[in-house]
Amino acid sequence: MTQVYNFSAGPAMLPVEVLRRAEQELRNWHGLGTSVMEISHRSKEFMQVAEESEKDLRDLLQIPANYKVLFCHGGARAQFAAVPLNLLGDRNSADYIDGGYWAHSAIKEAQKYCTPNVIDVTTHDNGLTGIQPMKQWKLSDNAAYVHYCPNETIDGVAINEQPDFGNKVVVADYSSSILSRPIDISRYGVIYAGAQKNIGPAGLTLVIVREDLLGKAHTALPSILDYKVLADNDSMFNTPPTFAWYLSGLVFKWLKEQGGLGEMEKRNQAKAELLYGAIDRTGFYRNQVAITNRSWMNVPFQMADASLDKLFLSEAEAQGLQALKGHRVAGGMRASIYNAMPIEGVKALTDFMADFERRHG
């Protein structure tokens, strides 16, 4: 059987060790004779899963004690609404950094609940898209919070700086880059992340929220999106996505076994440098993002001759290199190389790219 590498942007590749363990435990979890999918979320067995997964996540990210960790439904899109409805309080404006497709999607949703101060931080120089340094962002004085997306999956644009905005409440959509490297949680008021890219399977959303921000929700906010309600009920106000929670917990343990986020940072940098090096080597492939803002997680690229795209994708698929088609908005190709992607997968891709260029360049 051909070795398959899944470059999907999400739902994305999971560590093979996690999949093997889940397969082994699927029908007889912890000797219970049932699957983890079948047991009560309030059973002592699943409560252990919940407690261990939170502890492991706190260890990985070094989450301070004054932050709550919530395991939620709804994906990042639900948080586009939950953030303003939980954090606005008596204010009517928030700063929204517009750096790409997903940041703009959050802005569009927030417009239903407040007047976003939209700050476009993109730059375009010599055909390359980049992001202004944070010190140039024109933040307002009366905003309830500052929202931004550190990694844009579609355009492959990353904001690698950590925020330093004094006492402003910073909210970040870390859906596609959480757990890829260490970050300083104390610089943020809220971090949220859909699980299906760099955590686990689709269906779970993580929210990390500073305790002093709880209890400010709009009266019309549905309880299922109320951070205080979720925190007071240990993320079990209603039945949580138990299987996704369990698998994410296995991923957290796998990350710790691999050496933690410092080790992930080294691996992810090495994978990204290998792939960008292959793209930059000649003019056959190209990436249209400024070097300082290139994403380690999502690498879009195009060919000088776009008529070769379909052939590239079909031949790549035949070689076990799956899900390389670019997003419908951007076209071209895109390789998503999250934590679970081994460097062998990136090497297989770059070898194929070099061979394809030799034959069609």
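Cβ coordinates are placed from backbone N, Cα and C, and glycine is handled just like the others.
According to Swiss-Prot, the protein carries these features:
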- Arg42: L-glutamate binding site (BINDING)
- Ala76, Arg77, Trp102, Thr153, Asp173, Gln196, Asn238, Thr239: pyridoxal 5'-phosphate binding site (BINDING)
- Lys197: N6-(pyridoxal phosphate)lysine (MOD_RES)
Taking the Cα atoms as reference points, how far is Thr239 (pyridoxal 5'-phosphate binding site) from Arg42 (L-glutamate binding site) in Å? 9
For Asp173 (pyridoxal 5'-phosphate binding site), which of the three DSSP-derived states applies: helix, strand, or coil? strand
Cβ neighbours within the same chain of Lys197 (N6-(pyridoxal phosphate)lysine) - under 8 Å, at least six residues apart: Ala9, Gly10, Pro11, Ala12, Thr153, Ser175, Ser176, Met297, Ser336, Tyr338
Row Thr239 (pyridoxal 5'-phosphate binding site), column other C-beta within 10 angstroms, all chains, value 10
Provide the three-state secondary structure of the residue listed as 'L-glutamate binding site' computed with DSSP. coil
Can you tell me how far the Cα of Asp173 (pyridoxal 5'-phosphate binding site) sits from the Cα of the residue listed as 'L-glutamate binding site', in Å? 29
Express the distance between the Cα positions of Trp102 (pyridoxal 5'-phosphate binding site) and Arg42 (L-glutamate binding site) as a whole number of Å. 35
How many Å separate the Cα atoms of Arg42 (L-glutamate binding site) and Arg77 (pyridoxal 5'-phosphate binding site)? 27
In chain order, residues whose C-beta lies under 8 angstroms from the C-beta of Arg77 (pyridoxal 5'-phosphate binding site), counting only those at least six residues away in the same chain, are Ser105, Glu109
The number of other Cβ atoms within 10 Å of the Cβ of Asn238 (pyridoxal 5'-phosphate binding site), counted over all protein chains shown, is 11
Of all the binding-site residues given, Ala76, Trp102, Gln196, which has the fewest Cβ neighbours within 10 Å once its own Cβ is left out? Trp102
